[in-house]
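Take a look at the structure below.
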Amino acid sequence: LSQLPGWSVRPDGSIVIATGNDDALGLYRCTPYNSYGTAGESRPTRVLLKDPPAFTVRPKEEYFQEVGRELVIPCAAHGDPPPTVTWLKVGSVGKSSAQVDGNSSLVLHPLIKEQHGVWECTATNQVASVTTATSVHVLGTSPHAVTNVSVLPLLLAANISWEPGFDGGYFQRFSVWYTPLARYPPRAHHDWVSLSVPAGAQHLLVENLQPDTTYQFSVLAQNKLGSGPFSQIVTSVPRGFPVTTVPPEPPAMTVHVFLSPPRALTANETVRGVLLRWEPPARASVALSGYALELRQDKGGWEVLERSIPGTDTQVLVPGLIKVRSGRVLVRVRARCGHRGSRPRVPQDAFYEFRLVAFAGSYISDPSNTVNVSTAGMEVYPSRTQLPELLPQPVLAGVIGGICFLSVAVIFSTTAACIMNRRRAARVRKRRQGTGRGAGG
């Protein structure tokens, strides 16, 4: 075998002949053996050379013929053994109505629209099969369906494109049909909308579509003989406006503010008033803004006496306290108005409580310790407190002045009225006296 080019033996004992020619003709036997010997030769096999099919007559690439007439397409082949020639329309379903004559030619009579397309001629024998193809164009018919319909979804629109089918021998136009997909299956039908395509165009932009809605699209071809079949229906969903995704806000950081109350609040009596002293808060995680002083009398409600004590101060002077809620005011009012029969109320001792709070911005600390102050044995100071039972000195002076002015005005008005009445009575008497004298004379 090594002397024959292209000949070789496989590991399983098969012989391979790369090129078949006259050298390969003959009888062949195979003898297996091993270290123990052989069991004998195989039966002989004969190698024969046969010719595959070859076309002697090929059809043309294309044929054009009017509908209803006869079209004969030749096809012939030879081989050893002689091949069998068959015809088949590409894409057809089931048996074709075409006929084949004795010369293996395709006979289409009468020619119909459905026979338009690609036909294949196949020659087959025991050696091989060979195929050739031709295109048949049937003239004088309505257009064929378009193919390769595609839809490109756009913003509230869709771009539809396609490949035209055979025009039937006449100029053809296209129209695009579309409809939203029915949302409710029991609905019997839904309306289709058609849009004309400019002449010669193979695409169309369909606008004013609803976003995120499924649409069906189909293309229809027409010529002067009528309309062709609709294309395959293609489904698409136009895009809506992009939704701007707002990134989530980072979680708010919890800031723990430590602001302890003022410490060691004390009260000392001085000739000028009560002096309060304290120490700053032990813990303050933010800058201290100031202090506020609160006061209550005789276990009443707490009220702010001073709210703007600087944060750098550690003491404040309360310049005045009173012994009774309204006795002193009442005494002053009566004394200035001159009512001798009234008796001033005896001053009574009052009990005051003070406390302090610190604040830093909008943060307020807990109150400090409470200090107690009693007016027992104290000289009465002009009060500056804001308790509702007490009146500040400017207001008190205004009240007293108004009452006195009103009293003077009443007295003056009464005196003037009395004088006017006396003068009027005197004039009346004079008139009467004059009238009596005149009558006597």
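Heads up, the Cβ atoms here are built off N, Cα and C, so glycines get one too.
Unlike curated entries, TrEMBL annotations are predicted automatically.
As recorded in TrEMBL, the features of this protein are as follows:
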DOMAIN    53-137  domain 'Ig-like'
DOMAIN    142-248  domain 'Fibronectin type-III'
DOMAIN    261-357  domain 'Fibronectin type-III'
TRANSMEM  395-420  transmembrane segment
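If you take every residue in the domain 'Fibronectin type-III' (261-357) and average the pLDDT, you get 69.
Helix, strand and coil counts from DSSP across the domain 'Fibronectin type-III' (142-248) read 0 helix, 47 strand, 60 coil.
With DSSP states grouped into helix (H, G, I), strand (E, B) and coil, the domain 'Ig-like' (53-137) comes out at 3 helix, 43 strand, 39 coil.
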